[in-house]
């Protein structure tokens, strides 16, 4: 039995310069694993709690209350004591021991960031001890599918200080034959988009996830730029066929929702400030009008997927949205389901979505994440493994995407090392598994008819 000999946590910084937690685990046989926990900007209300130092003894003089020293202390003084001497290969048992120590529904006692850091580092230490890569340890011999990347080339919402209310405008290289080719396609489109934005007088500053963050007058203008960039790069803006590149949107609509009304707040502010080029236009929508708005976008642009098109509390709206468009489009739940198997079960029963976004830190352990993915796949749902806006050099999600044959991954644009690190890891995995590697492209959408 390979026993854990040491667990050590420390405070480090994420891609926004905010504190996060890094955990290292060592075993008696020489295994070692290290993990850095990500952090989100637009978060679901039912996510597991990310423990920060606000309200603790650290608040007044440590990162303005955003520090994670409390979570670090919980790892070093509580979790480490509990888990030392236990077999590193028993992931589920160790995860359950931490959950029993915490004793809360949302992991607020120890902090989901503390628990997840340990859970991830344990998995990596186990893989290291067995001398196998993480994707093979988590997925076994069946781990072979490289994910179609959703590349967030235009940022908005909480991820950028611009005028776009929708959070992410993404491209999906569906016509590529391999993951490496998909990145080559994306690279060409990304740099073509930069030239088009410059030519139109826009800056090419980037948002939290590495995509451009121009001050555009509407979501349609952002989509027009994407279509033009795809075409000028030599590809087809389409959801299927040769050289097809489709578009995906993350509306992050919970950020826009209040008292039953969706408001494009950034656009509204730009109009009220009478900024140049911003003409009066509609900025408020009911649920039914939002669904109709997406219908207009679907009819006009090659959009294949929408994430959080409605607010997390608008369950009836999600059901209507999926009834209307779920047979032809991927309707992804993120804030709605927060990688929680219990909530996903409710969504499956109500037929509220047909796809789920998977974020490790929304639920807080490797075991619970795998349970949610398994439930989604059994229900015939697609799964999208996702980063957070606050990231690091940690590449765990790349291995996870291959381990569970998720088929899709969201990990930002083709800039910022914290995003590129995941793509580079996937390139290495594709090379390592060579002839058994699969990239499904448009076939990844097995549960819809385009």
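Heads up, the Cβ atoms here are built off N, Cα and C, so glycines get one too.
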Suppose a student reads Swiss-Prot and sees 250, 334 listed for Mg(2+). Which of 221, 272, 273, 307 should they find annotated at that same site?
307
Pick the one from 198, 199, 359, 440 that Swiss-Prot also lists for the (2R)-2-phosphoglycerate site with 167, 388, 389, 410.
359
Neighbour tally for residue 359 (active site, proton acceptor), based on other Cβ positions within 10 Å of its Cβ:
23
Using the centroid of the Cβ atoms of 250, 307, 334 as reference, list every other same-chain residue with Cβ within 8 Å of it (recorded Mg(2+) site), in sequence order.
167, 168, 251, 252, 306, 308, 332, 333, 335, 357, 386, 410
Separation of alpha carbons, residue 250 (Mg(2+) binding site) and residue 167 ((2R)-2-phosphoglycerate binding site) (Å):
6
Euclidean distance between Cα atoms of residue 359 (active site, proton acceptor) and residue 388 ((2R)-2-phosphoglycerate binding site), Å:
8
I'd like the number of other C-beta atoms within 10 A of the C-beta of residue 389 ((2R)-2-phosphoglycerate binding site), please.
26
If you count other CB atoms within 10 A of each CB, which of 209, 250, 334 wins among these recorded positions?
209
Residues 167, 359, 388, 389, 410 binding (2R)-2-phosphoglycerate per the record - widest CA separation, whole Å:
17
